[in-house]
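Novice: As annotated by TrEMBL, domain 'HPt' applies to B:1-103. Annotation comment: TrEMBL describes B:H46 as phosphohistidine. Positions annotated as region 'Disordered' by TrEMBL: B:269-295. Per TrEMBL, compositional bias 'Low complexity' is recorded for B:269-281. The annotation domain 'Histidine kinase' is assigned in TrEMBL to B:306-556. Annotation comment: TrEMBL describes B:558-689 as domain 'CheW-like'.
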Amino acid sequence: MGEELKVIVFSLAHEEYGIEVDKVRTIERLSPITRVPKTPSFIKGVINLRGIVVPVIDLRGRFGLEESATTENSRIIVVAVNEMEVGFIVDSANDVVDIDADTIDSPPEIVGGIKAKYLRGIAKFGDNRLLIMLNLSEVLNKSEIIQLEQLEV
Amino acid sequence: MDMNAYLSMFIDESNDHLQALNENLLRLESEPEDLSIVQSIFRSAHTLKGMSATMGYEDLASLTHEMENVLDLVRNSKLKMDEFIFDTLFKGLDALESMVQDIVGGGTGKADVTAIVASLQSIVKGDYKTAVASTAASSAPSASVQQTGGILDEFQTSVIQQSIDSGHNVYYIEVEIREDCVLKGVRAYMVFDLLGKNGDIVKSEPSVTDLEQEKFDRSFSVFTISTLSQQELEAQIAAISEIEKVTVALLDLESLAMLNNAAAKEQAPAAAPAQAEPQSEAAKEEAGKQVSAARTQAAASSAPAAVSRTIRVDIDRLDALMNLFSELLIDRVRLEQLSSEIRRNDLTETVEHMTRVSSDLQNIVLKLRMVPVDSVFNRFPRMIRDLAKSLDKKIDLVITGADTELDRTVIDEIGDPLVHLLRNSVDHGIETTQERIAAGKPETGTINLRAYHSGNHVFIEVEEDGRGINREKVLKTAIKNGVVTEDQAKQLSDEDINMLIFAPGFSTADKISDISGRGVGLDVVRSKITSLGGNVTVDSALGRGTKFAVQLPLTLSIISAMLIKLGSEKYAIPLTSIVETGIIQKDQILNVHGNRMIHFRNAVIPLVSLSKVLDSPDFNEQSESETEIVVIRKGDKWAAITVDEFIGQSEIVLKSLGKYLTNIEAISGATILGDGQVALIIDPNALIK
């Protein structure tokens, strides 16, 4: 048995993803988002999180998946990585599970259209369910955003 | 004992004492006869020594100890201050400061201070006037043992004492190297290598590093504990080539006692009066005011009570308080809205009362973060002194309004720009002494540094009586450097030309000096001050002097802003950069070279479409026949920006967008409105090109 990890499970385009609990600040229902001009399209804007202004990004847009309208189940997961606080819009967030760190396998090149570098690995849990673990610092990599901006220009 | 708990206290207090030392030394330099200043310098140095010794910073303590020895002689009128002593003391202070800085940065506070210590010791011995280098020339070991008496510190003495007690051989060795020797450092190293192999080196004079860098004349001396006999040691050292002469003297307890006596003589007067001093001083002060001598003790104890009326608070706690208050402010605005909707009398009254209380609270919270500009100004006298010295100019710095208070965030940022301005004044503004005499001005130049409140702003002025700005020269350089074209130059007013010195890449200095003149200074100053929400202006008369005036907002955390609407979106524009608001008809918009301009108060100013700049999704002023505009200002450039609708003026709390979103064009931050929504704050400076 390896180390036990507590993981928040959320879904995005019919896949299940995981983020370690200790990186998650809070999970919120959607609140009004203020658009920030001159930013990549996946940055939806900023929200007021109890007095703190937090940027929100659409994970579907970030991963290049097709964006869809938000629903009653949509949630904002606020994570804190590298002194940054950022909210992720996800389709739904519904579970907290324990997984064994040893069961995390290195990811295949492409999973559901997402580049492997955003992923930490694939974990098995429960009755043959697969959980895609995210590499948060790569997802929030700013130098890549700058590249994206330049492409758009 | 765990010292970490006391570390921050130690750092704070050391900084206070160093600052006091600096200020008092400067005062003393202008009034060298005033012994009461020496007293207070002595007290600061003594406290600092005690604190660093307790905390285990030996180097810090030993250097302060040496400075104290010098001060003690001065205090007892045995020594007259002169330039050499001032310079050495200032050097000592610099070394102390860098050691404390090292401790702040997590270091051990160790530094090589032997050079300064040596000069201090030579001052105490009174032989500094006859050059320090000749001390080692004497050949008789016993005589030089006495002479070097002050060199061994307590720790080294006790090491030697213990070695002698436990039967080891302790030697005092003097080595002289042949005059024609090329690699003196190497020879010295070979001697040290030999001594190191056969025992321990307690102390060398000059220090090992100095010896390695050949910073010595021909001879050096060493205290060493060795396993070899006197003859063996002498023979082996003499066997090293190019050694002219070597003298080895065996030290016993008696000769060590002689050393100790010599050292004790110096220390005793330092220690004894230091303890008696604070009380007798307090007594003297009180004696004039109070008749009863019996109350001296009460008076002495009342002094510390007055000091403890302030407390040190962690900045983080003040920031947390500020954040909490900001949230309260947001709720207050929300409550005001609700109560005006509900229209119930008792609710409205309660909300009004809360509004009053919270604005009082806002004043107090903001005041808590206010710091006197003195905390920035206090390092300037020393800086100006050193600069003036290095440029061989005579300059008086006159500071007024040092008690003017500014928000801490502004204080933190304003230091560097002011340093730039002052350096500029010293270097370019004030003429050399000869030039001043030739121009019929007093020999000593004056720089006035003033701070004062005015409205919601604080002004800081740097004014000197130097040569003033030579506008022709400025214009020529500006044209040469491509800052303006010749055509443009003809239309510039005197003020415009003065402002050219703030342009990037501009410098009129004929030669580049260390102090300023690389042309990076003033434009950095201006951009820094602008980023703080302030501005800087310059006023100059050729031959009479130049005045820089810096205008700064009182605080950066809560500002007044105009809220505007752009379709469904709301934005805030800082009130400080708004000139006025108005409405224009579509047919008033002129087209000049494809740029849209409008007439405004006898001038033609550009019209900027905010909806275009911000990619507004649901508003475009093109479809309106009448458009609301906000006229904004950046320095002396004006522009009108088109908006959809005015909402009103409001106090807003500045919030950052976080680390993920940085450098967003035309947006300087965000704020939270009464309804809980986030509104972005527009950076007007980015809208004026």
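Just so it is clear, glycine is given a Cβ too, placed from its N, Cα and C backbone atoms.
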Novice: Taking DSSP three-state, what's B:H46 (phosphohistidine) in: helix, strand or coil?
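Specialist: Helix, per DSSP.
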Novice: So, by DSSP, how many helix, strand and coil residues make up the domain 'HPt' (B:1-103)?
Specialist: 87 helix, 0 strand, 16 coil
Novice: Within 10 Å of the Cβ of B:H46 (phosphohistidine), how many other Cβ atoms are there?
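Specialist: Other Cβ atoms within 10 Å of B:H46 (phosphohistidine): 24.
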Novice: Grab the pLDDT values for the domain 'CheW-like' (B:558-689) and give me their mean, rounded.
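Specialist: Its mean pLDDT is 85.
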